[in-house]
Every structure is written in structure tokens, then in C-alpha cells.
Amino acid sequence: MFYLSWGITHSGPVRTWDEADFALALHRFDLLAMQPHFPGYPYFVLGGILMHRWLDDPAQALAAWNLLLTATALVPLYLLSRRYLTPMTSAALAAFLITMPYLWLLASQPMSEASGIAVLWWFLWSLAYALEHRSTKRLLLSAALFGVLMGIRLSFVPFGAGLVYLWYAHYIRDYTTKRRKFYPRLLFILSTALAFQLIWVIGLAASEGGLAGFLQLSVAFVQGHFSEWGGGAASSSLPMGERVLQYGINYFWTGLAAQSWIQAGAWAVIGLTSAYSFLSRPNNSSTKPDPILKLILLVVTAYGLWAFFAQNIEKPRHLSPLVAVSVWLVLAYALQTASKTQLHRGLLVALTAGIAMNLYTGTGWLTEQRMKPSAVAQLGNYMESVNEPLVLYTWEETRVLAYNGADFPHQRIETFELFKAEAEAQQSTKRVFVTDHVLNGFHAQNAELDGRFVKVAAFRAHPIFDPVYADIVLYEWLSP
């Protein structure tokens with residue numbers, strides 16, 4: 001209850017373009033207007049609409065849905081862990097994962113990652129459940145949960161490798177022995193899995209006026225995602241070495257340690273204890289690979305590669321499912337191994353202390369999130385204090401300014417030539433301001449700026465909340 005109540009009452013205000021998209025979708029769902037952006041995340045938005053009946057703030061309603069779903073994930077986490085651990089240890093591991101500070105912070109924000117991770121735990125449990133006993137009903141349950149997962153967070157698609165693994169275990173191996181039944185069974189399970197995806201896809205297509213419009217949006221999104229704004233390895237200008245370094249920072253410093261030296265120290269203790277438990281396991285312990293752990297290792301690897309090559313490396317939240325599942329995989333194995341040694345009690349004590357540390361760090365971050373304004377909000381407050389006619393040109397900041405009802409002219413600008421024409425037409429009657437993100441875009445276009453911009457102010461918030469727009473510098477365009 002503390003997890004839910006503190007998370008809801010300290011949920012974050014809208015800080016980013018994407019968060020504004022989701023919050024606006026609760027008032028009017030329109031993909032063309034990016035409310036939200038493609039692919040729509042219909043099940044996440046639907047949950048937010050449901051919570052919006054009781055909570056007036058759309059961002060808080062979405063956060064409440066996140067937190068509620070995350071709390072339900074205690075059940076599959078416990079059931080997964082019970083396959084290897086005692087009831088007490090399983091409960092401790094589930095609580096530890098749910099309260100990890102960065103994951104708790106994500107759950108308190110109006111973004112879909114936390115809901116996706118919650119459903120991901122149910123999906124992984126269903127795969128383990130289906131692996132244990134061959135049953136069509138269990139296979140269908142996994143396919144249905146994967147459909148829900150895709151309707152919440154399409155970027156989690158690499159976890160579908162677990163579904164392929166399950167189909168292989170139950171059907172593909174029958175090809176040589178039961179060929180007559182193989183094709184009908186395979187066709188049935190594939191068509192059923194497709195049907196679960198079509199439920200939300202057809203709904204989205206209908207909301208956009210038909211399949212043609214939806215397909216156009218799909219193509220535009222895919223092209224954009226794998227272009228510069230998508231931040232993938234193929235299009236990013238970031239050197240591969242720096243990308244590897246940033247990937248590691250996102251995983252360890254943000255995902256695990258929540259940018260806290262106290263948390264980092266706690267993880268060092270847990271990591272060393274886990275490593276010692278591996279090295280101290282009895283020589284006669286079984287080395288036969290567990291099929292469920294193999295499956296989870298497969299999906300962790302698949303998503304890890306996807307996050308590296310196809311996701312925006314600037315945003316640590318894209319690594320959040322990798323952090324969650326990999327931590328469970330390592331700790332579950334370490335605790336199982338330690339149960340055969342004298343280290344088990346020590347590791348359990350460390351895990352329990354870790355829960356307390358998670359709550360301490362997490363409540364601190366949630367409090368700061370609620371109490372301290374974002375850099376974009378600070379920018380908006382500053383501009384409203386300028387008692388002169390003005391216009392502000394921004395990159396993505398304008399979406400948040402508009403959502404917050406900023407009472408001054410502002411607009412997004414992408415090309416220097418257009419900006420120059422508009423600025424020169426207005427500079428006699430208005431002060432013209434731009435943000436550093438706009439100037440960075442102009443520099444990328446090799447624009448001749450000729451020292452025409454002067455720094456006016458700078459705004460800063462903690463990067464754990466929004467790493468891209470944590471720092472904003474305001475400049476003014478000067479008349480020649």
C-alpha cells in the first residue's frame with residue numbers, strides 16, 4: 001500500500017514530449033495529432049482512461065495505472081521465483097524487484113514502460129507455466145498475454161522470442177514424429193497468436209478511419225524510428241565505442257543504481273555476494289540447464305541486442321525491461337545456488353536490506369520529482385516573467401509548454417532558413433529567443449550563425465527524470 005500511495009501522490013508532472021502525448025490521449029485519442037504517437041499503446045491509454053474517472057490529472061491517472069499493474073506483478077514474480085526458491089526468499093526477491101528505485105520512478109510517470117514490464121512478468125510466468133506441461137490452453141494464454149504486451153509497448157517485441165521458443169518446444173520438435181498433426185497445430189497456434197495482435201491493431205485502424213491511413217502512419221513511424229530521431233545504432237552519429245559506454249552507464253548507473261552512490265554500493269555488495277555464491281557452489285551440484293532459465297536468458301539476450309542497436313541510447317528507460325528481467329535471472333540463480341551453501345542466509349539478509357534501501361532511495365527521487373520543476377517548466381516560468389513582446393523557438397520543448405498552457409508565443413522550428421526569415425520579420429516588434437537544442441540543430445545543418453545569439457539564462461533539472469532536456473540554455477537573437 002505504501003508503494004502505491006506514495007507513488008500516486010508523488011507521481012511526476014508532464015516533463016517530455018512523449019509524456020504530453022500520452023496525457024493528451026486521455027482527452028482525445030488521435031494518432032495523427034500524436035495523441036499519443038504511433039503505435040498508439042491502446043491498452044495503456046485505456047487503463048489511463050479508466051483511472052481518469054477518479055483522478056482529474058491525466059498524468060497522475062496514467063501513473064496510477066502503471067503503479068497498479070506493477071503491484072499485480074508481485075504475483076507472477078513470486079510464482080516464477082518459487083520454482084527455485086523458498087516462499088520467504090521468493091517473496092523477498094519479488095518485493096526487491098518491484099521497489100527498485102529507477103523502476104519505481106518509471107512507474108510514477110505517465111509513460112508505458114512500467115505497465116509493459118508488469119505485463120511482461122505475467123507473460124514470462126505464462127511461458128514457464130506452458131513449458132511445464134504441454135497444453136493448448138496454456139499456449140493460448142501465452143499468446144494472449146503477448147498480444148496485451150504488444151498493445152502496451154510494441155518495442156518489447158523481442159520478448160516474443162520466448163513464444164517462439166515455447167512453440168519450438170511443444171510443436172516444432174514433433175515435425176519428425178507427428179508430421180500429420182504438425183501443420184494443423186502450427187497453423188492453429190500461429191493464427192490464434194495473430195488474432196490476439198489484430199484485436200488492438202484493428203481497433204487502432206478503425207480509430208484512424210481505416211487500414212490505409214493506419215498503414216501510412218506505420219510506414220512513417222518505422223522510417224522515423226530508424227532515422228536520426230529514433231536514435232538507433234544504424235542512424236546515430238554517436239561512435240560505436242561511445243554507444244557501448246552509454247549503454248553501460250544506462251544499465252548500471254541509472255537502471256541498477258538509480259544514479260545514487262548509496263545504491264551503487266549496495267549493488268556492489270549484492271554482486272560480490274552473488275559471485276561468491278557461484279564460486280562456492282558444491283562441485284557435485286547439477287549443471288543441467290533449466291529450460292525456464294534458458295528461455296529467460298534467450299529473451300534477455302534478444303532484448304539486450306535490440307536495445308543496443310534499435311533503441312534511442314539517450315533514454316535509459318529503454319533498458320528498463322532488460323534491467324528488471326536480468327536482475328531476476330541473476331539473483332534467482334544466485335539465491336538458488338546459495339541455498340546449498342552457508343551463504344543463503346547472508347544473501348537473504350542483503351536482499352532484505354536492499355528492499356529498505358530501495359524504498360529510501362525511491363521515496364527521495366519521487367519527492368524531488370514532485371517538488372522540483374523540470375527544466376522546461378523553469379523555462380516557461382522565466383519566459384512568462386519577461387514583460388515584453390516575444391517569441392520563443394524550441395525543438396521539442398514546445399509540446400510541454402503547450403500542455404502546461406504557457407501564456408506566450410512559442411513554436412517548434414527545424415530549419416535555420418525558415419527561422420532566419422521569421423526572426424528578421426519579427427525582430428522589430430518582438431524579442432526573439434531560441435533554446436540550445438534549436439542551435440544544436442542549426443549547427444548540424446552547417447548554418448552560418450555569425451555570433452548572432454547571446455546567452456540569456458540556463459535551466460537545470462536532474463537528468464534521471466529527463467536525460468535529454470535536463471539542461472536547457474536560452475539564447476536571444478540579436479538584430480544585425
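Cβ coordinates come from backbone N, Cα and C, glycine included.
What you see is a predicted model, and the numbers here were worked out from it, not measured in a lab.
Feature list (source: TrEMBL):
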DOMAIN    56-193  domain 'Glycosyltransferase RgtA/B/C/D-like'
TRANSMEM  38-55  transmembrane segment
TRANSMEM  62-81  transmembrane segment
TRANSMEM  87-107  transmembrane segment
TRANSMEM  114-131  transmembrane segment
TRANSMEM  143-166  transmembrane segment
TRANSMEM  186-206  transmembrane segment
TRANSMEM  261-279  transmembrane segment
TRANSMEM  291-313  transmembrane segment
TRANSMEM  319-335  transmembrane segment
TRANSMEM  347-366  transmembrane segment
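Just going by CB pairs under 8 A, the stretch in 87-107, 114-131, 143-166 that sits most against the transmembrane segment (319-335) is 87-107.
Sequence-distant residue pairs (6 or more apart) of the transmembrane segment (87-107) and the transmembrane segment (347-366) include at least 3 whose Cβ atoms are under 8 Å, placing the two stretches in contact.
Helix, strand and coil counts from DSSP across the domain 'Glycosyltransferase RgtA/B/C/D-like' (56-193) read 114 helix, 0 strand, 24 coil.
Simply put, out of 38-55, 143-166, 186-206, 261-279, 347-366, 143-166 has the most Cβ pairs sitting under 8 Å from the transmembrane segment (291-313). Listed as Cβ neighbours of the transmembrane segment (347-366) (distance under 8 Å, sequence separation of 6 or more from its ends, same chain) are residues 2, 6-7, 10-11, 88-89, 92-93, 95-96, 99-101, 104-105, 108, 258, 260, 262-263, 266, 269-270, 273-274, 277, 331, 334-335, 338, 464. Each residue in the domain 'Glycosyltransferase RgtA/B/C/D-like' (56-193) has a pLDDT score, and their mean in this model is 90. A Cβ distance under 8 Å defines the sequence-distant neighbours of the transmembrane segment (38-55), meaning residues of its chain 6+ beyond its ends; these are 8, 22, 25-26, 29, 31, 61-62, 64-65, 68-69, 110, 112, 115-116, 148, 151-154, 200, 203-204, 207, 217-218, 220-221.
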